[in-house]
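Quick notes on the structure that follows.
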Amino acid sequence: MASAFSAFRVSLSRISPFRDTRFSYPATLALAHTKRIMCNSSHSVSPSPSPSDFSSSSSSSSSSPSTFSLMETSENARWRPMCLYYTHGKCTKMDDPAHLEIFNHDCSKELRVAAADLERKKSQEFNFFLVIDLEGKVEILEFPILIVDAKTMEVVDLFHRFVRPTKMSEQAINKYIEGKYGELGVDRVWHDTAIPFKQVVEEFEVWLAEHDLWDKDTDWGLNDAAFVTCGNWDIKTKIPEQCVVSNINLPPYFMEWINLKDVYLNFYGREARGMVSMMRQCGIKLMGSHHLGIDDTKNITRVVQRMLSEGAVLKLTARRSKSNMRNVEFLFKNRIK
C-alpha cells in the first residue's frame, strides 16, 4: 500500500468539475467568507512551552515554535479559503482567474512541511493518519477528512462532504443551516452540495478503497491507518448516533481511533481541552473559520504535523469492544475525561 503514496499527490486534481451554472461561487459569498476568515486569522497565539516526551527522550523533543516551519513558507504568505464547490467536485470556475485568485483549490500547499521538520520525527505504528472533525449537533452537517502521510507528514488527499439531515423538516434545516453556516458565508454552497449521510458513507468507502485504506472484506479497522480526532465525540458518539438516524449499520472502520487530546496530554505533560487551546499552547496561528469543519480539520492537521515534528508517537487511544460495540475501551491511563 505504501507504494501507492510514494510520491506526494493530492487526488482532487483528478476531479473534472461539473459544468452546471448552479454551482458558480458568487463573488459576494467569496467576499463574506474571506472577510470572516481574515477576522479569525488575526488571532495571535502564545509560544509553546518545551514538550516533555513521554515515550523516551523528553529533553530531545523540546523546541520553540519557530523551529517548525509549516506556516513560514511562501505559499502561506496569503492564506485563501478553500473553494467548497471544488471539494465536492462541482467547481465551474477553474478557468476563471478572479476565482482562482480568491479561492484555494489545493490545501496541500498551506500544509507543507520543510525537510528540517522531519529530523526529530519518530517511527509511527501507522503509515497514514485520517484527521476528522465533524460538524453538527442534531445530525451531522459536515464530514471532512484529510489523509496525512506519517513518514513525510504531507497531506495526501482530502474528502469533504456537506451532509443533509434525514429526520428534519426543510424549515428546520433552513433555520439550522442559516444559523450554523450563514454567518460563515457558506450556507448557499451547503444547500447546493449537501447529500444524505448514507450517500456520504458510500462515497467515502469508494475513496478509502481508492487509497487502499479499506476493503469490504475487512470486518475491523483500516489498512495501516488510523483516524485522528480532537476528542472522542466524533467517532465514539456522533457517528453511531447518525447511523441509527440514517438506518445504516455502523461501518467496521469506525472501531478505533486516536484522540489527539490524550496523546497531547501525555506528550507535552499539559492539558488542552480543544483545538484552539492546543494551537495557542503550541504557538500555531488559527487559520480559517472556527467551526467550519474543513478549516478545523486543517488546523488539527497542523497540530498533528507539529507534534510529529517534535517526536510524538500517535498511538490508538480508544477501541470498541467486538462483543458489544457500545462499549469503548480507553487505552491511555492518563487521559482527558
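Indices start at 1 and increase along the chain as displayed.
Just so you know, glycine gets a Cβ as well, placed from its N, Cα and C.
What Swiss-Prot records for 42-66 is compositional bias 'Low complexity'.
Per Swiss-Prot, region 'Disordered' is recorded for 42-68.
For 129-304, the entry in Swiss-Prot reads domain 'Exonuclease'.
Annotation note: Asp296 (Mg(2+) 1 binding site) sits in a helical segment as assigned by DSSP. Residues annotated as Mg(2+) 1 binding site in Swiss-Prot, with similarity to another entry given as evidence: Asp133, Glu135, Asp296.
Annotated Mg(2+) 2 binding site per Swiss-Prot: Asp133, Asp234, in sequence order. Within its own chain, Asp133 (Mg(2+) 1 binding site) has Pro144, Thr229, Cys230, Asp234, Met275, Gly293, Asp296, Thr297, Ile300 as residues 6 or more apart in sequence whose C-beta sits under 8 angstroms from its own.
The feature AMP binding site is assigned by Swiss-Prot to Glu135, His291. The Cβ neighbour count for His291 (AMP binding site), using a 10 Å radius over every protein chain in view, is 15.
What Swiss-Prot records for Glu135 (among others) is active site, proton acceptor, and it gives sequence analysis as the kind of evidence. A simple way to gauge crowding: the CB of Glu135 (Mg(2+) 1 binding site) has 21 other CB atoms within 10 angstroms, across all the protein chains here.
The active site, proton acceptor feature in Swiss-Prot is assigned to His291 (among others).
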Fewest other Cβ within 10 angstroms of its own Cβ, chosen from the binding-site residues Asp234, Asp296: Asp234
Cα-Cα distance linking Glu135 (Mg(2+) 1 binding site) and His291 (AMP binding site), given in Å to the nearest integer: 7
Three-state secondary structure, Glu135 (Mg(2+) 1 binding site) (per DSSP): strand
Mg(2+) 1 site shell beyond Asp133, Glu135, Asp296, criterion: Cβ within 8 Å of Cβ centroid: Leu134, Glu142, Pro144, His291, Leu292, Gly293, Ile294, Asp295, Thr297, Ile300
